[in-house]
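Copied from TrEMBL, the annotated features are:
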- 24: site 'Transition state stabilizer' (SITE)
- 31: site 'Transition state stabilizer' (SITE)
- 178: site 'Positions MEP for the nucleophilic attack' (SITE)
- 238: site 'Positions MEP for the nucleophilic attack' (SITE)
């Protein structure tokens, strides 16, 4: 689908939870603010969506103590809205969902701040498929590697102490069939009413979300709502460890060379 024709799609709201710390990066600042080709990771991510006509607003959930965001040019963009980030990702998403309710939109896309390489064509295809089917849908990729379920090593402490063995990793329990097994990516395109209902239903009286919820799709699944998965470009990586920045830089340079 041409990005120039995305105005035929319904207006959507994009929610980007960006209150995380990203401790695995080992950096002095959250990973969404690390520099990538002259901009922060977050700017690359947000600008992907701001360039699409069908995006009405980008709602970014930011920590109340965040010292970085207001220094970025995107902070003053008329389509950008800031809400309070929560302790957990789901809390940030819930705050964005609450802002979006009553704005006249049926759909909300939730996207990881640390996925700056998402292909805009994939985003548009996702929205189109969700609108056509009237079902929630997410991007993902079929698993290609052999998958193993593990368990703790069976070695006894006496054996380890007597032999001086160094036990690394875990023991394989069995091989899991990769048939119909997918990696879940973002964005996750959700019916606003269904996502709001699911998050409310799965939150207890203490404001704690059900521990089984790991993303928006899992919340919808647990509440009986249908969710489809559509194949994404493999470039849609999530920056988690330092080497991911180098790969993201390569992908973004390749993308710029295409235009």
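All residue numbers here begin at 1 and follow the chain in the order shown.
Note that Cβ sites are derived from N, Cα and C of the backbone, with glycine treated the same way.
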Report task. Report the member of 31, 178, 238 (the recorded sites) whose C-beta atom has the most other C-beta atoms within 10 angstroms. Result -> 31
Report summary line: As a whole number of Å, the Cα atom of residue 238 (site 'Positions MEP for the nucleophilic attack') is distant from the Cα atom of residue 31 (site 'Transition state stabilizer') by 11
Query raised in the report: Which whole-number value in Å describes the distance between the Cα atoms of residue 31 (site 'Transition state stabilizer') and residue 178 (site 'Positions MEP for the nucleophilic attack')?
Result: 31
Requested in this report: Going by DSSP, give the three-state secondary structure for residue 31 (site 'Transition state stabilizer').
Outcome: helix
